[in-house]
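Visitor: This structure is in structure tokens; I'll ask about it shortly.
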Amino acid sequence: MKPSICLLASLLSFPSVDATFPDDKHSLQAPYPYVESYYNVDGRTHAEKLGLLENRGYRPLSLSSYGPANESLYAATWVRERGSTYKMIHGVSQEVFDAWVEEWRDRGYVSTHVTATGAADDAVFAGVMEQLNIVNWSQACGIHDIREYMHTTGQENKMTVKGFRMYGERRNRRYCVLRHENIGNEHRAFFWEPILNFPKAYDAKIAKRYWRPAKLFLSDDNIISPIFTDTSVGKWSSGVRLNSTELEVRIAAEKERGLFPVDIQGGKFDDEEEERFNVVFTQLLKPKPRRWHAMGDMAEFDDNVRARQGLDWIMGTFMKKNGVRQAQVAISFEGKVVGERSYTWAEDDRSIVRADDIFLMASVSKMFLYAAITWLVDHGKLSYSTKVYDLLGYKSTADNRANQITVQHLLDHKGGYDRKQAGDVTFQFAEVALSLPTGGTKPATVQDVIEYMLDRKLDFTPGERSAYSNYGTLLLGYVVSNVTEMPYMDFLKENIFGDLDVRLYETAASKHKNDRVIQESSLIGLDPTRPRSRHMVPAVNGGDGAIKEECAAAFSLAASASTLAKFVGSHSAIGVGKRDQTFRRGTMEGARAHVQSRGHIDWAVVFSTRDFINDEQFKDLVDRKIPDFLDTYKLRGWGDLETSTCNMGMHPLLAKYPERSPEGIGILPPSDGDGRLDFKARIQNMDNDNWKEGHTRVAGQKRFKSSAKINFIERVKHLTWAWFTFVMSTGGIALLLHSTPHQFRGLEVIGKIYFILTIVLFIAIVSGLVLRFTTTPGALGKSLMHPTESLFFPCFLLSIATLIANSTAYGIPATGSWLATALRVCFWLYAAVSIIAAIAQYFVLFTGAHLPIHSMTPAWILPIFPAMLTGTLASSLMSSQSPEHRMSMLVAGVTFQGLGWTVAFLLYPLYLGRLMQDGLPAPAMRPGMFIAVGPAGYTSVAIIGMAGSLPEGYGYFATYPMAREVLQVLALWIGVWIWCVGFWFFGFGLLAVLSSAFRWKLQFSMSWWAFVFPNIGFTLATANIGKELQSEGIMWVASVLTIILVMMWFVVLYAMVSAVIRKKLLWPSRDGDES
């Protein structure tokens, strides 16, 4: 029998059920929910019951198989409700089961339940598939190494386990795993490996408020693999390893309490005759929905309503996408809170966050330690050069280098402790306690930890390098207590906090049973306060290994976002001393916080969890979205208030890291993760462009305050490649005036004036750049390698292209054939340089820039633009060339134009995906959206223009004389199609700009020239199409667009000149990165 026939026979010989939601005669009249369950039934009885239940309008809630493969038993729960169509199968081999899954996957079904039982080699399988709107899901059975599988698959889509089964023998296990994409980032914890002490782990999990078991999978050798979740279903309970009698009694008892069995998992143990069951009961069959709440005031903004709406949208989008339930944002000015919003995305049984609720702030706690050290130094009680261990009275150390550790070393994270090498002792209190003579009968203290570390070697010589150290700050906190002879928290309350509400976040879960803010983490661990007990607790309550009462100086304080924003208004966020342009981040299990001083504004954001989809989500929020919000919505009476971090000079501590300090960055690198100083990441981030505002930074230039007196030559040094957008737009207007369908007397003269102006501008800007690069060593290389300023280098080549094209239009008719020959040489030089530049520039971007997709703009297309315009140049030059040269230009034009259009077409999905995910750019960035119009417009111009200049009766066209007419027809209609792509981008770009123009005052940047140059290509294409179709209407549209673009050229010119006069451009602190 052929394999396909065998497979069909197998499918027909085992029960497979097709079910849909009940029709009218099966409408649900019974009180909701109506749940049925059965267990210990064989395959035949299971098939009969599922057929009966399906006919009565039931749907499967859970499915479990257990026992030997040839005597497999089933347990299932069902609910009577409407739902999507589903399919079921049971009692089949893996080959048949996998084929069945793939068949229905291809028909749009999604697996929702999977189970298996029997020996590894002859197990039988069962499952359910439903017609759901879930795109990303995976299912695999026959897995040998569950650890490797779970660690190497499913990470790309943040998959969460929905079904699991461990089957086979003890020494020959197999696994089935079903996963769905975790939309909304639901917090779940799944144990796929055997738990040494399940009762202790279970108790630790449910000790976390609102956490409960969702599934308690059971193997046939008595191993429980649970899934825990924190969704709300009302009352719930569970039972483990119940026999059938106990299960029956339990189901009846819970029904009296209004609870229903939503999951029954069975197991047939080898050493017991009777089957065992795990069961989960809930009051609600579906989790409660989350509801959005935003509270608090925005009091001092130009438009408080729009500012509130803008911040609420940013936070709402972030929290809903990342599953965050509670958060706060606060903004202050000179110590006064001008905006505070509290956010809740949670079920109705959780507290709605208020402005005065406190959040664990993790490593942001160090900000108060640094303030304490500043106070002690200012009052003459401590010196930065004080040797710490000598001060504390320790003379004997295992490493003599430890005796040289100073207060300054610890402040700078240069004390010789590297947690990457030796681990982080602040999360090893149990290990320290067990090493003491008491043998772990009592928990370790700060003093115990210090003496533990004194017996160990340093990881490097103090002062040699920096490595983030929680222990270093813990040690400094102990110094504060010893110098002041006061408990650390008492000293802070008396001398640092003032009237601010800052508290110690205590370790024990019992201390937080009534907290309004729940610090959420999916993890558990051993209790460091009872080291010998092997007792397990939630990570937030010591399961991470830390005793928070001992670590107040490092990461154990709690406060509201408003408190943090006020405090940083007079203190440094990252170092000692007064307020400066710095920020600090903190993260640990159950917490994430960020506080920053930015220009004249201080702000803070705190969260009840750090379990986001990924770390990039948080960085995007605090590095891009909230700063963009602060730049968009100004404080009342402070419309020109500088909020950028680059305007306020260099932080004094940054001088300690000269090898990591690029010019112009006046910020100490922030903590990354749970406080690690990540200089490289911070510097890369600070030196990137502000794409949201549409500005580029100048590589290698100094920054000055706007009040400084700078001469003209110094200002000229701050030209960027982006200034060539002015040149190519001016040259584009000249071309447009030459090609517009409706000419009048004097129009050619105006076009020539624009052409001459283009030449003058080109020479002037090239001269300015030469001045910049010759007077600033290394600036040329930095600008060409810079991930964002270099994106505008192609504008230099595009300016050359406009000069060549204008020389063709205005020069050849006046000079004759010699210029045509010269321009042909220029064409080939341009073609060679443009393709080399495109390859080299994208190589630099691929290997060094690492631009995040969420920052994608059409400017990413610019590197291929010069090569693409080779075809446009060819279309203008070919008519002045001999047939021989026309053919070679045609080949080059089609090749390069096709390459450029293809690359642009490949980049368009990234751009559209970025718009879908993150929405429209900020208002100041939206003019740059018109860059996307350019590839379509200029490609349409190129193919129609080249087709119109094909040599007749020469070479290829002599051999195939019909080819010329065919290609001209194809070129026209393909040009029309491509033109429409440009029109689509033009349309929503125009709507985006208009919508922002009515709501916000658009700030000028060089990206405004995207109003002109890309749309010139679109207008030229419109004119060409009108001429080819002999359509007077289309030609008038092109003429109207020409008039509009000339007017827009003057508008942008006025805005640019105004920005230069107001020191918004060509100014050392305004190098195109601010306005």
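Keep in mind that glycine also has a Cβ here, set from the backbone N, Cα and C atoms.
Since this is a predicted model, take the numbers as computed values, not measurements.
Pulled these from TrEMBL:
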- 315-575: domain 'Beta-lactamase-related' (DOMAIN)
- 1-19: signal peptide (SIGNAL)
- 719-737: transmembrane segment (TRANSMEM)
- 749-771: transmembrane segment (TRANSMEM)
- 791-812: transmembrane segment (TRANSMEM)
- 827-847: transmembrane segment (TRANSMEM)
- 859-878: transmembrane segment (TRANSMEM)
- 890-908: transmembrane segment (TRANSMEM)
- 929-950: transmembrane segment (TRANSMEM)
- 970-994: transmembrane segment (TRANSMEM)
- 1006-1025: transmembrane segment (TRANSMEM)
- 1037-1061: transmembrane segment (TRANSMEM)
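Each of the listed features needs to be described in terms of its position in the shown structure.
Guide: In the predicted model, residues of the domain 'Beta-lactamase-related' (315-575) average a pLDDT of 96.
Listed by sequence, the residues of this chain that lie at least six past the ends of the transmembrane segment (791-812) yet keep a Cβ under 8 A from its Cβ atoms are 696, 720-725, 727-728, 731-732, 734-735, 738-739, 748, 751-752, 755, 758-759, 762, 783-784, 819-820, 823, 826-827, 830, 833-834, 837-838, 841, 845, 859-860, 862-866, 869, 872-873, 876-877, 880, 1006, 1013.
Sequence-distant neighbours of the transmembrane segment (859-878) (same chain, 6+ residues past either end, Cβ-Cβ under 8 Å): 691, 791-795, 797-798, 801, 804-805, 808-809, 820, 823-824, 827, 830-831, 833-835, 837-838, 841-842, 845, 851, 886, 889-890, 892-894, 896-901, 903-904, 907, 910-911, 928, 931-932, 934-935, 938-939, 941-946, 948-949, 1007, 1017.
Same-chain neighbours of the transmembrane segment (970-994): 901, 920-921, 926-927, 929-930, 932-937, 939-941, 943-944, 946-947, 1002, 1015, 1017-1018, 1021-1022, 1024-1025, 1028-1029, counting only residues six or more beyond its ends whose CB sits under 8 Å from a CB of the stretch.
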Visitor: Taking residues 6+ outside the transmembrane segment (1006-1025), which of them lie with a CB under 8 Å of any CB in it?
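Guide: Long-range Cβ neighbours of the transmembrane segment (1006-1025): 694-696, 720, 722-723, 725-726, 728-729, 732-733, 735-736, 739-741, 792, 798, 859, 872, 924-925, 927-934, 936-938, 940-941, 944-945, 972, 975-976, 978-979, 982-983, 986, 1031, 1034-1035, 1037-1039, 1041-1042, 1045, 1048-1049, 1051-1052, 1055-1056, 1065, 1072.
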Visitor: Same chain only, please: residues at least 6 beyond the ends of the transmembrane segment (827-847) with a C-beta under 8 Å from a C-beta of the stretch. Say none if there are none.
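Guide: Contacts with the transmembrane segment (827-847): 784-785, 787, 790-791, 793-794, 797, 800-801, 804, 860, 863-864, 866-867, 869-870, 873-874, 877, 889, 892, 896, 899.
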Visitor: Against which stretches of its own chain does the transmembrane segment (929-950) lie, if we need a Cβ under 8 Å and a gap of at least six residues from its ends?
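Guide: For the transmembrane segment (929-950), the list is 857-859, 861-862, 865, 868-869, 871-872, 874-876, 878-879, 886, 890, 893-894, 897, 900-901, 904-905, 908, 911, 921, 957, 964, 967-968, 970-972, 974-976, 978-979, 981-983, 985-986, 988-989, 992-993, 1010-1011, 1013-1021, 1024-1025, 1028.
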